[in-house]
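J.: What TrEMBL records for 12-29, 332-351, 358-378, 384-409, 429-449, 461-483, 526-545, 849-867, 874-898, 904-931, 952-971, 983-1007 is transmembrane segment.
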Amino acid sequence: MRLVHTSVKRPVSVIMIVLAALVLGGISLKNLAIDLFPNINVPIAVIATSYQGAAPQEMEQLVTRPVESAVGSIEGIQSIESMSSPSSSLVIMEFDWGRDIDESMNTIRERIDQVAGVLPEGAGRPSILRFDPQQMPVMSIGLSGASADVLQQIAESEIQPMFERVDGVASVSIEGGLTRELQIQMDQAKLAAYGLSGGQIVQAISGENRSASAGNLERGTQDLQLRINGEFTSIEDIEDTPIALPTGGTITVADVAEVTDTFRDVSMKSVVNGEEAVVLSIMKQSDGNAVQVADNMYRAVEEMQAELAESDLSMEVIIDTSTFIRQSISSVVNNMIIGGVLSIAVLLLFLRSIRTTLVIGISIPIAIISTFTLMYFTGETLNVLSMGGLALGIGMMVDSSIVILENIFSKRQQGYTMIEAAKEGGSELAGAVLASTLTSVVVFLPIIFVEGLAAEIFRPLALTVAFSLFASLVVSLTLIPMLSSRLLNKVKVEEEEEPKGFNKFVEKVTNVYHRMLDWALRKPKTTILITLLSIGGSLALYPFIGTTFIPESDQGQVQVSVVTQAGTRLAETEAIATEVSEKIASFGDTIDTSYATIGGSSQGFNSSTNQANYTIQLKDPDERDMTTDEFVTALQAEIGAIPGAEITVSGVDAGLGGGAPIQINISGPDFDVLEDLSQQVMWMIEENEGVTNVESTIAEGRPELQIVVDRDMAAEYGLSQQQIMNEITLGYTGQVATRYREGGNEFDVRVILPEEYRQTIQDVEAMMIRNNQGVEIPLISVAELKQVQGPTEINRSNQQRQVRVTSELEGVDLGTAMAQVEEQIEAMNKPDGYTMTIGGQAQDMAESFGQLGMALILSVFLVYMVMAIQFESFIYPFIIMFSLPTTVVGVFGGLFITGQPLSVPALIGVIMLAGIVVNNAIVLVSYINILREKGVDRYEAIIESGRSRLRPILMTTLTTALAMVPLALGFGEGAESQMPMAVVIIFGLMMSTFFTLLLVPVMYVLLDNLTKRFGSFSWRRKKAVDSID
């Protein structure tokens, strides 16, 4: 091959190119962003709309349905989900994978603009958001040590602006604290006496608090801008605002209302380590480096702590996702180093020469560093999966070099000079190593181009493996021959007459293999039968292995959910949460920080006063005595029995298998029927083994006081339903009439009834509604009040009401659990018009398995194509393909032995195997053909090829397998996603190598005989590798 010859002739050029690749790779590494997982383009858009004071039924009818109808016909939508809760509507649109989501977002905005006019007057403008997993907070910081209002004011005025200026930070949100608000509390009796309504107060205040430009005034040579400044400068200005009376004359706001400087009604509190606090959540820019942003934030926190040192305020980082990212990346790097050392040890053991080992071992760092360059230019990041790809491929990086160097030594032993041996040895098997590398790379093409979640997640891994193998191929055809010709002149190449040590062991293995191969060639039917029985036996293990989506990743974080009776006020929920906090504090030796939101969830969009949610960050594994799972069990036992609340404890998964493991979607028109069906499903699956934390999206009904207007009676009094609704909303929710500026800050000015008139049902009944004639009508005269239980949330799917039943799993795999659930819901009697489908991780798993199954089939076909091109034959690639089915023995055997279920990462490993296991057979068949082209008898060619190629085959197999052992053992944080891949590849490769060495020669003989018998077939035998001078 000309490339090999040129490299040997021009060593300086080769060294300069290698140095350039190393320098460029180092620069690229410095500029690569670091994150836990790759950037995933999830084709999901969210439309969020608020309508203050509206119940879930109103949100569904007046907001959610119109929005759904407007966007439902957009091209490329796969599904539309919606959630209507008090004062909030969320419509979630999932598009087809591969869809240009930016184009779809523009279409959504156009549709929303069209429907905005039909939404209720009090509804906010819909916000259109693109779902981005990268926009989750990278850090949460707690501020405590003062009253809630002081904390809020300092956080908003000093800390938030400073943090938002930090390099890489996109935004900073604040939770907890008290927000200042000016309330104009109406006196109904005085309003009635003056013949006024609350709406007139709103109009008066909003009309007075204004500033505007009024044009220009020419004054000599100057133009003076005329500006009318009518903004309020003090609370007294608000109190003195005039209100026109219906009968003539004016009064002031102070005559009919009291202006109170207070706080917005509290619906949520934040608690850090048992102390009330405000929490600042830091979001990084979409292309930001999570670790770098965290480092920048730590410096900013230190600066702010120095400024707060003289006060009683304290600030601490309570959640830092970069810690787990650092630990995960560090673990992968450590596993790479261990794997690399094991690979080098194997080489040293076989080669017995440090110089020779270093010549081959140099392939690893060059391939890795060169890969960083390709990662940089393709926009990849350093994450657990991309680095995991390097760790998985580290043993394969030396395979091509081993084959080339072994052949160079073989030529040296035949009497060639070192220069000629390097040229001829490298050229002779260049085609074989090219084909073997291409087969290892082309298997990733379907993963790179296929669409779906699994492909998005593992595409970086596929790219890094492909990049590193391509780099190692170039090294094996350039640097290795060149170094061999210059550095290995003094290496002893003659075979020892009396093998010693490890060589003696290899010689014994070779002799045993020779006898086994001879037996297999004489007993082909028996050999094939044993192979088939082995494959069949391994397939029988499948029911005992189980299946799952993506293994959970333990990042030492725990979530606690506390749910009290629906309608419980914040104070009562807080009392129970205080008891929970005391129990949590008893685990001080295990917990680093705890953060609670009482009255809401930091993980969701909505808040509810009957909920409290805790996020607990555990200490590093070497600083605590229990694992995360053990802590979850212990904490559940400690707090699960606290009366007055339903409390669940669960670990937070850092992995990418979002959603509940089990999710049953129940769809239909009638809410009551859906509730009944969901209850039946919950009772049914609660009895299943391993099913825990069964929940339904139909929570306990929230107490409602429904006001049913008698339209006829209202009409007699000169009232419309809209007037009644407006007055009630104004009295109990209030209306922001304007904004008040003070000291650079702005505050809402809200018109509302005093709190003492918003306490009882009698207060509602006695509320006065003013008609157009100025007559005050008691609400009870035109409406009936009913106490009922209303839904806390209404879910819809594809514009139909839906209830979801979800659960967690413990001690049972996802596939087994879902198979049982599917049988149960299939046997249920469902009314006409109602359906039950499987969602959550089970649906993701089924879709991903299907996509990867097709990718595997395509990968096998691509491998065959590459080999057919390399051999210029149909028959020889077909012979080599017989090494593929034998991987089943190792795959299922390995998963069974290690207790790993079949998962998406395991299937990625199977796809990788399709390209790896044929490499040994390629080398074997190529050498058989080379010997036969030289006139060697077929039987002797097979025996000699087996004996001479056994050593490099063992070397490449052991370096590849041992390099993955640290990953297979799951060393370090974040290793869970690579562990199944490593297990599958190690066991699959080892078993396939054993069968390849026996089965492939047998199939070679059988198909060669068949070729001779039916010579008219459209293939031609050809020399496997052409040497190009």
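Residue positions begin at 1 at the first shown residue.
The backbone N, Cα and C atoms fix where each Cβ goes, and this holds for glycine too.
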J.: Determine which residues of the chain contact the transmembrane segment (358-378) at the Cβ level, with the cut-off under 8 Å and only residues 6 or more beyond its ends counted.
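T.: Apart from its flanks, the transmembrane segment (358-378) reaches 18, 21-22, 24-26, 28-29, 31-32, 336, 340, 343-344, 347, 351, 386, 390, 394, 397-398, 400-402, 405, 463-464, 467-469, 471-472, 475-476, 479-480, 483-484, 487-488.
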J.: Under 8 angstroms for C-beta pairs, at least 3 of them, ignoring pairs fewer than 6 apart in sequence. Is the transmembrane segment (461-483) in contact with the transmembrane segment (983-1007) by that rule?
T.: no
J.: Counting Cβ pairs under 8 Å that are 6 or more apart in sequence, does the total for the transmembrane segment (429-449) and the transmembrane segment (384-409) reach three or more?
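T.: Result for the transmembrane segment (429-449) with the transmembrane segment (384-409) is yes.
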J.: Between 12-29, 526-545, 849-867, 983-1007, who has the most Cβ pairs under 8 Å to the transmembrane segment (904-931)?
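T.: Maximum Cβ contact count belongs to 983-1007.
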